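Asker: Have a look at this one before I ask anything.
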Amino acid sequence: SISILKTFCVLFQQLTGVLDDCLCDIESIDDFNTFKIFPKIQKLQERDYFRYYKVNLKRPCPFWADDGHCSIKDCHVEPCPESKIPVGIKAGSSNKYSKAANNSKELEDCEQANKLGAVNSTLSNQSKEAFIDWARYDDSQDHFCELDDERSPDAQYVDLLLNPERYTGYKGPSAWRVWNSIYEENCFKPRSVYRPLNPLAPSRGFNLGSLCLFSWTGLCLEKRVFYKLISGLHASINLHLCANYLLEETWGKPRWGPNVKEFIRRFDPVETKGEGPRRLKNLYFLYLIELRALSKVAPYFERSVVDLYTGNGHEDAESKALLLDIFRDTKSFHMHFDEKSMFAGDKKGAKSLKEEFRLHFKNISRIMDCVGCDKCRLWGKLQTQGLGTALKILFSEKEIQSLPENSPSKGFQLTRQEIVALVNAFGR
């Protein structure tokens, strides 16, 4: 209709020009993504290495009493049968990639046990457990996310292609509480941002018609970046729900497709009191951050020791070739976000702020275990982990540059779980 066309015209007139806090314009991102990145990243997501993601959807919510999982049938996630998982994926160690590395897993475990025992033969079992905990703590220092334990009996492989991100009907107080906890308790946000009605506390006077002025006053670059990333992630999720919406279900045959009215409700400048275009701009900002991470991590994957091992030599070689091709494209982009502008002040203050930044994001990754809809939880965990992996990469430049060519590095490693999340989050 004419009113819908007018809405889109107004919206996209506001989605032009240079993004805040970077030297990149929206039009350049659109062209670069449409003609170079998107077709290749789509193909990569269909490869076996990247389509199977191991996730624990049964972890309890650490912040409030579980209010029960969604009973809507479209919330269900179908785990992948063991027989369908490529042998190289289900048999491999989480942070090993080559066939040789997978075969040497048991030998490494034995050597590690011998070293632990050699420290002091009189150590109690409790002390040995403490050593193991310290090692795990050291390994997690650069993590921005709470990683699932892949050895847990509750962790299962999911075929992402058979469990697409789309609108499931999950909404209301349970869903709102998740986003409220993220924005209000774990996010550095502008002084006042228009927020939707709070269904848990209507007495506070929040009103869908209320207008709040947007101000960055008091927020440094790092905190502005944090807020934009969370807002961009939220916008990405909402866009996919609008693009793949349950339009009708007749005779047991659902029809999925774009829901323009839902898109307008979430992003129209009038409906959102001016917030919609900003949310979409934050999605572009999120894209820039993850694009930058891909360009920075290229040396890690260019090494011969990294095989993206599934057990199918021909497919593995093609997957790596396609990934390296994408890396070459990311390096050719001339308007990358400059992460060196972050945490660049007083060393002590910068270190404290970076740790605050990391812990806030890690907390958000834990909140994803509070999502009541399994399919929403799956994609929330995956995209949060993908962004967390991107942040880990951006702040590990020295470690990546000093990687040895023919052996894994103790200074910087990515688990297969992180690699799959990074690629699929960027693909979203």
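The backbone N, Cα and C atoms fix where each Cβ goes, and this holds for glycine too.
When I checked TrEMBL for this same protein, it listed these features:
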SIGNAL    1-20  signal peptide
DISULFID  C70-C75  disulfide bond
BINDING   R166, T168, W179, S231, H234, R266  FAD binding site
DISULFID  C373-C376  disulfide bond
ACT_SITE  C373  active site, nucleophile
ACT_SITE  C376  active site
Asker: Need one number for the FAD-binding residues R166, T168, W179, S231, H234, R266: the maximum pairwise CA distance in Å, whole number please.
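Answerer: The FAD-binding residues span at most 21 Å between Cα atoms.
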Asker: For R166 (FAD binding site), which residues in the same chain are close in space, meaning a Cβ under 8 Å from its Cβ, but six or more apart along the sequence?
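Answerer: The answer is D74, H240, L241, N244, Y245, L246, W256, K375.
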Asker: Return only the integer: C-alpha distance in Å from C376 (disulfide bond) to T168 (FAD binding site).
Answerer: 8
Asker: In whole Å, how far is C75 (disulfide bond) from T168 (FAD binding site) when you measure between their Cα atoms?
Answerer: 6
Asker: Measuring Cα to Cα, tell me the gap between R266 (FAD binding site) and C373 (disulfide bond) in whole angstrom.
Answerer: 20
Asker: Cα of C75 (disulfide bond) to Cα of C373 (disulfide bond): how many Å, rounded?
Answerer: 5
Asker: I'm trying to understand the geometry here, so how far is the Cα atom of S231 (FAD binding site) from the Cα atom of C373 (disulfide bond), in Å to the nearest whole number?
Answerer: 21
Asker: Can you tell me how far the Cα of C373 (disulfide bond) sits from the Cα of W179 (FAD binding site), in Å?
Answerer: 14
